[in-house]
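Trainee: Here it is, the structure, as structure tokens.
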């Protein structure tokens, strides 16, 4: 039984790893692809909206596919599509065809997120203890590896076609090796309908989606603007600004691996508020501190706060889902992914129109909003059913 549990957990972990490897390989070469397509910032920014558009289209369809073919098959199809599309993006020079592939990439990525998190929740149920954070930690590790591979490829002038084909082949091999231990039977829920139920848009799932959105806004903004903030605010050199970004990524990765222990100690709902609070304190220090060293500490706090929220949100879904959990995951993952994609350009507009510090003040306000929403979510649970307030150390 222990061997079986370990095999399942390893397989699900490798699916998260493969997903992040493909996605980070795409993001680390965005600037090169923009140059190759000969598009200015405005044109390329408009082209990038194909990605969230694909996420939007996948919102109802991914859930229907998960019901019809199961999360295991959906995960395999989604990851395979991501691998194939990644290779295609490296060869395409036509803007319209590139946009179409990007839309399909967004669709496949969101379908993969849904299926992977269903598998993660089911694995947590097998273990009967919080382990979702470890899967998201694996995602962060793979994202770091993908970024490093991309940076090395650029510095060594390795053609993007070779890089993407190699990543795609590795991804397909991982899928083939680890797919057999994935859960075949999905979560048992009260609602077994094979249609997307609009009733899933209740106040609980909307609140969870907004809380996750706040976290992903912070995460996405730090990906693109953390180095620029240090350069413009402190005049830091490339090494110093890269150090800040690396500390953020490292703290977020370690935080996700530690989030399961935080949940066991503080409980799900308190961990949600804790994550938002740490993130808010981090942004407050980043905005107000005149010291470069303190801002580096603030980046660690932001990474730690962000790392807690997303795994905890999925953990709460597993506990309170009284209808089809796959629909809850579909809504929350789609809404939060919009935050990851839309936040960076919005921050860019604010930085251009006002200043980068004003843009970071907005991120502070969004962090504070996540705390308010988390507290309101807790109060709703207390009113509905105190037993749903998962706030003890036995979680």
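In case you wondered, yes, glycine gets a Cβ from its N, Cα and C as well.
So TrEMBL lists the following for this protein:
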DOMAIN    172-395  domain 'Major facilitator superfamily (MFS) profile'
TRANSMEM  12-32  transmembrane segment
TRANSMEM  44-62  transmembrane segment
TRANSMEM  74-91  transmembrane segment
TRANSMEM  97-116  transmembrane segment
TRANSMEM  137-156  transmembrane segment
TRANSMEM  162-179  transmembrane segment
TRANSMEM  200-218  transmembrane segment
TRANSMEM  238-258  transmembrane segment
TRANSMEM  265-287  transmembrane segment
TRANSMEM  293-317  transmembrane segment
TRANSMEM  329-352  transmembrane segment
TRANSMEM  358-382  transmembrane segment
Trainee: Ranking 12-32, 74-91, 200-218, 265-287, 358-382 by Cβ pairs under 8 Å to the transmembrane segment (162-179), which is first?
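Mentor: Most Cβ pairs under 8 Å with the transmembrane segment (162-179) come from 74-91.
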Trainee: What parts of the chain pack near the transmembrane segment (238-258), using Cβ distances under 8 Å and only residues at least 6 beyond its ends?
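Mentor: The answer is 133-134, 136-137, 139-141, 143-144, 219, 222, 226-228, 230-231, 292, 295-296, 299-308, 311.
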Trainee: If we skip the immediate neighbours and take only residues 6+ beyond the ends of the transmembrane segment (97-116), which ones have a Cβ under 8 Å from one of its Cβ atoms?
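Mentor: Those are 12, 15-16, 19, 22-23, 26, 33, 37, 47-48, 50-55, 57-59, 61-63, 65-66, 71-72, 74-75, 77-79, 81-82, 85-86, 88-89, 135, 326, 329-330, 333-334, 337, in sequence order.
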Trainee: As a test: from 12-32, 200-218, 265-287, pick the stretch that has the greatest number of Cβ pairs under 8 Å with the transmembrane segment (329-352).
Mentor: 200-218
Trainee: Where among 12-32, 44-62, 200-218, 265-287, 358-382 do we find the most Cβ pairs under 8 Å to the transmembrane segment (74-91)?
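Mentor: Comparing 12-32, 44-62, 200-218, 265-287, 358-382 against the transmembrane segment (74-91), the winner is 12-32.
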Trainee: Would you call the transmembrane segment (200-218) and the transmembrane segment (12-32) in contact, using three or more Cβ pairs under 8 Å, pairs 6 or more apart in sequence?
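Mentor: Taking Cβ pairs at least 6 residues apart, the transmembrane segment (12-32) and the transmembrane segment (200-218) are not in contact, as fewer than 3 fall under 8 Å.
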Trainee: Sequence-remote contacts (6 or more beyond its ends) of the transmembrane segment (358-382), Cβ cut-off under 8 Å?
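Mentor: Cβ under 8 Å, 6 or more out: 203-204, 207-208, 210-211, 214-215, 217-218, 221, 225, 229, 269, 272-273, 275-277, 279-280, 282-284, 286-287, 305, 309, 320, 347-348, 350-351, 388-389, 391.
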